[in-house]
Amino acid sequence: MKKQTYTPARSITPEIETLLNKQIVMEGKSSAAYLSMASWCDTQGYEISAEFLYKHSEEERRHMLKLFRYVNAAGGHALQPEVTGIKHEFKSLREVFEQVLFHEIEVTKSINNIVDQCLQIKDFATFNFLQWYVNEQREEETLARRAVEIFDIIGEEGVGLFMIDQEVGKLEAYAARVSGKIGTDRG
Ligand SMILES: [Fe+2]
Ligand SMILES: [Fe+2]
């Protein structure tokens, strides 16, 4: 096994620090992407979807900040990510939610990879810290999958898109119900 470089000043290795900084980039990009989607929804009159995405953008920023604080508390240096390449236009509301789903799946893979690395080098503190993200991703994927399903259930013809927008407002309650929670502890 590779030599680990824990020191009295740091409880995470530089390798884990790098991975956590990459995760910071992902959460920062999620926040920016969802904000852009929210804005597009606003311009198209999808008010409830816009609210849903504005709120999610804020949540993603909180996910990023939680990582910032952890990295610095563990003796590393959290880096403000450069966020570029944000998409501003979308073909349809369905495209927006499909992209949310694909994006969340990528985030889950990234979290799982860091969790795996932590186990390999026995960094149980970071492993433990990341369990919050493991649970969060399970919920966020459920939410995003349900959002995409709504398009198939209702259909986009006629008043369909109006109804889909209304249903998006019920997604949080749905995710809480299927994950067996009464309220939510979304971070
Ligand atoms: Fe996140
Ligand atoms: Fe997310």
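Backbone N, Cα and C atoms are what each Cβ position is placed from, and that goes for glycine too.
Between the candidates Glu98, Glu104, Glu172, TrEMBL assigns the Fe cation site shared with Glu27, Glu60, His63, Gln137 to Glu104. Sequence-ordered, the extra residues of this chain that approach the Fe cation site, with Cβ no more than 8 Å from the Cβ center of Glu27, Glu60, His63, Glu104, Gln137, are Met26, Ser30, Glu59, Val107, Tyr133, Glu136, Glu140. Taking DSSP states H, G and I as helix and E and B as strand, the domain 'Ferritin-like diiron' (10-155) has 117 helix, 1 strand, 28 coil. Checked against ligand 1, the binding-site residues Glu27, Glu60, His63, Glu104, Gln137 give Glu27, Glu60, His63 in sequence order as having a Cβ less than 6 Å away from one of its atoms.
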